Amino acid sequence: MAASLPLVFTAPKRGMPPRHLADLDSAERKEAVKELGLPAFRADQLARQYYARLEADPEKMTDLPASVREKVGESLFPTLLTPIKHLACDSGDTRKTLWKAHDGTLLESVLMRYPDRATLCISSQAGCGMACPFCATGQGGLDRNLSTAEIVDQVREAAAAMRDGDVAGGPGRLSNVVFMGMGEPLANYKRVVAAVRRITSPAPDGLGLSQRSVTVSTVGLAPAIRKLADEGLSVTLAVSLHTPDDELRDTLVPVNNRWSVSEVLQAARYYADKTGRRVSIEYAMIKNVNDQPWRADMLGKKLKKALGGLVHVNLIPLNPTPGSEWDASPKDVEREFVRRVIAQGVSCTVRDTRGQEIAAACGQLAAEN
């Protein structure tokens, strides 16, 4: 195994983009408009353009006087993300976008269309500091946090692409957002929570998605899980557990050296109790590493004890990453694992894997141009 990378919780303080409308809450928007010498009603007008009409170019905002569009653009609508390329697979139902930020930082998002929904997987950091050895993003290290607006703009762009029929299947609606792209969302806590509020608030304060259709994933930053539980949000929490025992998890998910399996599950229980939401447990099935029958039994028992009925296990067939020595578990091993977890009274299914051939699946995002 390659030498392990250090854990990085604090991102370098560099490269953050200029202020954007999506960084601001309602009061801050009004103040920003006032600074520009515009009447207060323009604040809601601009927000409706961005959040309801999904328009980020003031030159196309026809209800805005032509004389102020340039000033508004410079002050509140800097170009945050420029698409470098789109890659599609799964008959066009999966589209990965490589974005370039204002400072040249690269990041990725993945739009997945299903018969009954459209889900966007978004990044919260450029790179990741959690150093999980089976994940391409974690092996690349952390460049920087994304701003609230950089996170929100990934969602606005996908919502516009769905509305305009820019993806296979014709026009539709973006229904779900998962913070499962690049980065550890809870290590960029303040901006991620602000982004969740923008994504879920109704216009003119946000994009109007249901909180229940938003999932925030974490490798298990226990104090931040508890903090999120107290935010008054009802988003789904997904915990990347990957093994039920501390000995292996210390290697697979290095943050386990800081917060053990039991501490993470206690925090998850607190989240479930506070929100009434079932917690998702993510488990990448790695051949001969974490797929043994006894680990399935232990996982089921620990989850049943910690979370009762407020838990669901998503088994994820390991997605290949460059240079990795690990493989996905065989299907018969996968099936037996599911059977054993369910036998302990815990809900468990295998996730439908999308985007593997364009390196858009879980653990594959590396933002390579």
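Don't overthink the numbers, they just go from 1 along the chain as shown.
Just so you know, glycine gets a Cβ as well, placed from its N, Cα and C.
What Swiss-Prot lists as active site, proton acceptor is GLU108. According to DSSP, GLU108 (active site, proton acceptor) is assigned to a strand segment.
The domain 'Radical SAM core' annotation in Swiss-Prot covers 114-351.
DSSP assigns CYS121 (disulfide bond) to a strand. Counting only same-chain residues six or more apart in sequence, the Cβ atoms lying under 8 angstroms from the Cβ of CYS121 (disulfide bond) belong to SER109, VAL110, LEU111, MET112, VAL178, MET180, GLY181. Residues or ranges marked as disulfide bond by Swiss-Prot: CYS121-CYS362.
If you look up Swiss-Prot, you'll see CYS128, CYS132, CYS135 marked as [4Fe-4S] cluster binding site. For CYS128 ([4Fe-4S] cluster binding site), the same-chain residues that are 6 or more apart in sequence and have a Cβ closer than 8 Å to its Cβ are CYS135, THR137, GLY138, GLY140, GLY141, LEU142, MET182, GLY183, GLU184. In three-state terms derived from DSSP, CYS128 ([4Fe-4S] cluster binding site) belongs to neither a helical nor a strand segment and is classed as coil.
If you look up Swiss-Prot, you'll see GLY183, GLU184, SER217, SER240, LEU241, HIS242, ASN319 marked as S-adenosyl-L-methionine binding site.
Per Swiss-Prot, the feature active site, S-methylcysteine intermediate maps to CYS362; the stated evidence is sequence analysis.
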For the binding-site residues SER240, ASN319, the one whose C-beta sees the most other C-beta atoms within 10 angstroms: SER240
Rounded Cα separation (Å) that holds between HIS242 (S-adenosyl-L-methionine binding site) and GLU108 (active site, proton acceptor): 23
Work through the recorded positions one by one (GLU108, GLU184) and point out the residue whose CB has the fewest other CB atoms within 10 angstroms. GLU108
Three states by DSSP: which one describes SER240 (S-adenosyl-L-methionine binding site)? strand
Does DSSP put ASN319 (S-adenosyl-L-methionine binding site) in a helix, in a strand, or in coil? coil
